[in-house]
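**Q** Okay, so TrEMBL annotates it like this:
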type	residues	note
TRANSMEM	52-72	transmembrane segment
TRANSMEM	101-122	transmembrane segment
TRANSMEM	128-146	transmembrane segment
TRANSMEM	166-185	transmembrane segment
TRANSMEM	216-236	transmembrane segment
TRANSMEM	342-362	transmembrane segment
TRANSMEM	368-386	transmembrane segment
TRANSMEM	398-427	transmembrane segment
Amino acid sequence: MFTSNSPARIMDKVKNNLVFRSKWAEVNGAMGDLGTYIPIVLALTLAKNLDLGTTLIFTGVYNIVTGAMYGVPMPVQPMKSIAAAAISGGSDFGIPEMMSAGICTGGILLVLGVTGLMQLAYNLIPLSVVRGIQLSQGLAFAMSAVKYIRNVQDFSKSKSKGVRPWLGLDGLLLALVCAIFIIIVNGGGEERESDIDDHHGEEINRPSKRWRLRKIISSLPSAFIVFLLGVVLAFIRRPNLVKSIRFGPSSVGIVKISKHSWKQGFIKGTIPQLPLSLLNSVIAVCKLSSDLFPGKDFSATSVSVTVGLMNVVGCWFGAMPCCHGAGGLAGQYKFGGRSGGCVALLGVAKMVLGLVLGSSLVMVLDQFPVGVLGVLLLFAGVELAMACRDMNSKKQSFVMLICTAVSLVGSSAALGFVCGMVVHLLLKLKSFTRD
């Protein structure tokens, strides 16, 4: 008999967490988070000279480790508030400030996880407030996606450059065709196996051509096909791209952070990022995981610790500050990710690209059709927003929508969270006084 913590038992658990539930579905699911990942990484690389090769290697390792630990498609995403501060902050918020912000945020999350305070917060925060944060984040993703699809983007300046033309290798028509293709293949959500089985039972004696066609279409890896199309179009848009690529990894070194950089990073990066990391990267991820993967519950403590360790270690070497995110988890689930093998596969691909191509990969990403990225991000955002559909009472919906409205209009998940908690407590107090 193995003890619960024996090496053999741990290895058995890791193998089970990395087993593909469905080969093509898991490959497809791995593409579900790229609509968020690529634009931010590209913007930071172009605007702030982020070491793309190092970032790919470290985020690849994070993907593999979290996939093996949790057994679900746990995403690894950029810390968005820190990225926004870097892109819009000018020369006074560069790589040292970005890395110091990531280290400080990671250190705080690590302490909250180790002390058990994160689990306490997870247990106390009502579901309606969490759903409000998820709905606002999902709608924010969807609105950004529509902006990517409709307008030409300059990621290095985080600005739109005018209306996207209908025709061309990054035209509006291409984005619409990709969106229609994904809807035809994936529908409005996961096709229930029971529905397929019932239909199969009806046709078991003489399966119809229509049923077989549905089966073939639903098995297509839509996001993977769309992503491959984007890669091909990137090389067509710039035929001499192959000649510009330099093989080999980036040189890795320790980032030097001055006292001024620590101060600037904490004030401009950590303070706005911390509420978003607490709510969306830890608490909302745990809630969403329990919804999507019953029986795969894991503590807010462990998620907080993994996010903390990723940044306390990786940021010293110039890797982009990272976290988990409910939007990435929803996107990977939307496109078929069901196991840790989904993100582990993505992690292996990132590591290979980082080691083989290094920072020269940015030239490929720079030519990738932005409208196609917008399509992937749109469906990830919609999937995250749909998590709110379990709000059954009017009171729960009221709290959720207050939280969502404030978060969107105020552009602050922290402000929305505070307002949602206040409204929730006022409604509780009103019910208590009635009783």
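We number each residue from 1, going along the chain as drawn.
Keep in mind that glycine also has a Cβ here, set from the backbone N, Cα and C atoms.
On a predicted model such as this, the values are computed, not experimentally measured, just so you know.
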**Q** Relative to the transmembrane segment (166-185), which of 52-72, 216-236, 342-362, 368-386 accounts for the most Cβ pairs at distances under 8 Å?
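**A** By Cβ pairs under 8 Å, 368-386 leads among 52-72, 216-236, 342-362, 368-386.
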**Q** Tell me, please, if the transmembrane segment (368-386) and the transmembrane segment (52-72) are in contact, taking contact as 3+ Cβ pairs under 8 Å between residues separated by 6 or more positions?
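**A** Contact absent: fewer than 3 Cβ pairs fall under 8 Å.
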**Q** So which residues does the transmembrane segment (342-362) touch in its own chain, when a touch means Cβ under 8 Å and the partner is 6 or more beyond its ends?
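**A** Here the qualifying positions are 18, 20, 26-27, 29-30, 33, 42, 45-46, 51-57, 59-64, 66-68, 73-76, 244-250, 332, 336.
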